[in-house]
Amino acid sequence: MIPIDIVERGQQDYTACFDAMQTFTAQRGPDTPDTIWLVEHPPVFTLGLAGDPAHLLAPGNIPLVKVDRGGQITYHGPGQVVAYLLLDLRRRGLFVKALVDAIEAAVIDTLATYNVASERKAGAPGIYLSAGPHQGAKIAALGLKIRNGCSYHGVSLNLAMDLSPFTQINPCGYAGLETVDMVTAGARDASGRAVDAADWQRVSHVLADRLVAQLQHRANAHPAEAATA
């Protein structure tokens, strides 16, 4: 079983983190450890490779960064758990689809830990609430880049955020899509206590643990030439 290191980077400027991901991936060797970075960003909009700038409806004073992941526009900000997956997919024997499935399953498992029901939607990557007054609202977004069989970028899970910046965009390219966080969804821990922004570290490590479990479950389930994009 190939280990995965968990690195908590805390609060970090998006551009600095993006540059670090690219450098890490470019400098990888056959023995470079697989790593998940846990990060929280200051407010920033990011636009994917094929993203349409028209989905930024009202930029205001939040910067826009064009990046090399897939997908459209999204928002990162305080109170959001971001997990970047820097993995050698060939070494792990993972297809990209299996990686996406693992990420989405890990988010669903994390939310279930906090008594929030969620689900995938066909053709719309990310995780959505499956019950309650905000059923259908998006609570997590994902976007990936595969280079030489190695992944970077990852997934963002909304914990306790100022959600108003999401109204300034068409989230992931979908006009009018409601976006919520775990607080809005009524997330509670095993003792019944409502989660809040102070739970960032705890929630981030639950997500990391679920990501590792899902990735290890899928390891070597696919041929080693899987990730070639």
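Every residue gets a Cβ built from N, Cα and C, even glycine.
As recorded in Swiss-Prot, the features of this protein are as follows:
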type	residues	note
DOMAIN	30-223	domain 'BPL/LPL catalytic'
BINDING	ARG69, GLY70, GLY71, GLN72, ILE73, THR74, TYR75, HIS76, ALA141, LEU142, GLY143, GLY154, VAL155, SER156	substrate binding site
SITE	LYS138	site 'Lowers pKa of active site Cys'
ACT_SITE	CYS172	active site, acyl-thioester intermediate
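Positions of the features from Swiss-Prot, shown on the structure.
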residue: ARG69; record: substrate binding site; Cβ contacts under 8 Å, 6 or more apart: THR46, GLY48, LEU49, GLY143, LEU144, LYS145, HIS153
residue: GLY71; record: substrate binding site; Cβ contacts under 8 Å, 6 or more apart: GLY48, ALA50, GLY51, PRO125, ALA141, LEU142, GLY143, CYS172, GLY173
residue: ILE73; record: substrate binding site; Cβ contacts under 8 Å, 6 or more apart: PHE45, THR46, LEU47, GLY48, GLY51, ASP52, HIS55, LEU56, ILE169, ASN170, PRO171, CYS172, GLY173
residue: TYR75; record: substrate binding site; Cβ contacts under 8 Å, 6 or more apart: PRO43, VAL44, PHE45, THR46, ILE62, PRO165, PHE166, GLN168, ILE169, PRO171
residue: LYS138; record: site 'Lowers pKa of active site Cys'; Cβ contacts under 8 Å, 6 or more apart: GLY126, ILE127, TYR128, PRO171, CYS172, LEU177, GLU178, THR179, VAL180
residue: VAL155; record: substrate binding site; Cβ contacts under 8 Å, 6 or more apart: VAL82, ALA83, LEU85, ILE103, ALA106, VAL107, ALA140, ALA141, LEU142, LEU207
Select the most exposed residue of ALA141, CYS172, where exposure means the fewest other Cβ atoms within 10 Å, treating these as the recorded positions. CYS172
Integer mean pLDDT for the domain 'BPL/LPL catalytic' (30-223): 94
Tell me, how many other CB atoms lie within 10 A of the CB of GLY143 (substrate binding site), whichever protein chain they belong to? 22
